[in-house]
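S.K.: One structure, pasted below without further comment.
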Amino acid sequence: MSASAATGVFVLSLSAIPVTYIFNHLAAQHDSWTIVGVAALILLLVALLARVLVRRKPPRDPLFYVYAVFGFTSVVNLIIGLEQDGIIDGFMTHYLREGEPYLNTAYGHMICYWDGSVHYLMYLVMVAAIAWEESYRTIGLYWVGSIIMSIVVFVPGNIVGKYGTRICPAFFLSIPYTCLPVWAGFRIYNQPSENYNYPSKVLQEAQAKALLRRPFDLVLVLCLFLATGFCLFRGLIALDCPAELCRLYTQFQEPYLKDPAAYPKIQMLAYMFYSVPYFVIALYGLVVPGCSWMPDITLVHAGGLAQAQFSHIGASLHARTAYVYRVPEEAKIFFLALNIAYGVLPQLLAYRCTYNPEFFLRTKADEKLE
């Protein structure tokens, strides 16, 4: 493959601009099932066009076509976000009203912007890596965590929230959106990991240091304990814990947790059942040397938390959220400090495990014992 293939995918993704404009005007004249059929046909056509771009030298990695299609949908989501803000008009108006009305929520708005910016850049980078036959495992694992977190919250939230009675045929487009990232995740994980050629002496010296002799790791451990408590606390609020502290926190700090759209509740439950076990495992990995799986799981979790906190913070403050559920003006500084710190912690841990992995690598002696 050549660099021109990656450029072709970029141009193909930009074709979403005229396509959405035409699609919006045609959709106004047809029923919901026809709209779904046409949307599915467009996505299939994008995949076929991506295949045409590389017909002379097809990529070895079939995920090239997945990223090409998802890059197209990312531009669509960016268009949706811009239209919701009134910056553009006439591109997805009918679809937002009749196809997926839950995208009009504050949470839907935020994930559109995240997908249209962060995910879009990731797709372009991964397509370029495939074109140049380079490894993209690190950014791929980060993307897997990000997109799966959005699926885990957004799809169930559409069903159990206030829009559950307005599920339209377009909801079935979520099926490939859910299945493809899972398949992609397994393929990315099974790619060869980066080879670290550290001398055995360097690994032994790094792994001989106790936690107290690793100040940055010690700070991470303390922060992980605090983050675990924070996750459990907000998870209890999502489960309607009647404790006075939970009631006061909801009333004066994060009333958005009670939003009937249900996305914040599901997000807090995802933190409780996804992040808390991860924090426990990460604590073990920071104390016991040779946990070679640490870099991978920290990347996946960091991607998930980045997406989740961006969407949660944005939706909590967004004008589309009812005033009674928005963060009070006097609580904004504390709310932002707390939630940004919670979102930054996994990024720091992922950075530490990825770029200074000596403590987590197995020595040759350990490999021989296995």
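Each residue, glycine too, has its Cβ placed from N, Cα and C.
From Swiss-Prot, here are the annotated features:
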- 60-185: domain 'EXPERA 1' (DOMAIN)
- 216-350: domain 'EXPERA 2' (DOMAIN)
- 3-23: transmembrane segment (TRANSMEM)
- 34-54: transmembrane segment (TRANSMEM)
- 62-82: transmembrane segment (TRANSMEM)
- 110-130: transmembrane segment (TRANSMEM)
- 139-159: transmembrane segment (TRANSMEM)
- 166-186: transmembrane segment (TRANSMEM)
- 218-238: transmembrane segment (TRANSMEM)
- 268-288: transmembrane segment (TRANSMEM)
- 331-351: transmembrane segment (TRANSMEM)
S.K.: Is it true that the transmembrane segment (331-351) and the transmembrane segment (218-238) have 3 or more CB pairs under 8 Å, sequence gap of 6 or more?
M.R.: yes
S.K.: Can the transmembrane segment (166-186) be said to touch the transmembrane segment (139-159) if we require at least 3 CB pairs below 8 Å and skip pairs under 6 apart in sequence?
M.R.: yes
S.K.: Among 3-23, 110-130, 268-288, point out the range having the most Cβ pairs under 8 angstroms from the transmembrane segment (139-159).
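M.R.: Between the candidates 3-23, 110-130, 268-288, the best contact partner of the transmembrane segment (139-159) is 110-130.
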S.K.: So if I exclude everything within five residues of the ends of the transmembrane segment (62-82), which remaining residues of that chain have a CB under 8 angstroms from its CBs? That is, six or more out.
M.R.: 9-10, 12-17, 20, 43, 46-47, 50-51, 54, 88, 91-92, 96, 103, 109, 111-113, 115-117, 119-120, 123-124, 126-127, 130-131, 177, 180, 184, 187-188
S.K.: Which sequence positions outside the transmembrane segment (268-288), separated from its termini by at least 6 residues, show Cβ-Cβ distances below 8 Å to it?
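M.R.: That would be 149, 152-153, 211, 217, 220-221, 224-225, 227-228, 231-232, 234-235, 237-239, 257, 294, 297-298, 301, 304-305, 308, 349, 353, 360.
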S.K.: What stretch in 34-54, 110-130, 218-238 has the biggest tally of Cβ pairs under 8 Å against the transmembrane segment (3-23)?
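M.R.: Stretch with the highest Cβ contact count: 34-54.
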S.K.: Could you pull the average pLDDT for the domain 'EXPERA 2' (216-350)?
M.R.: 94
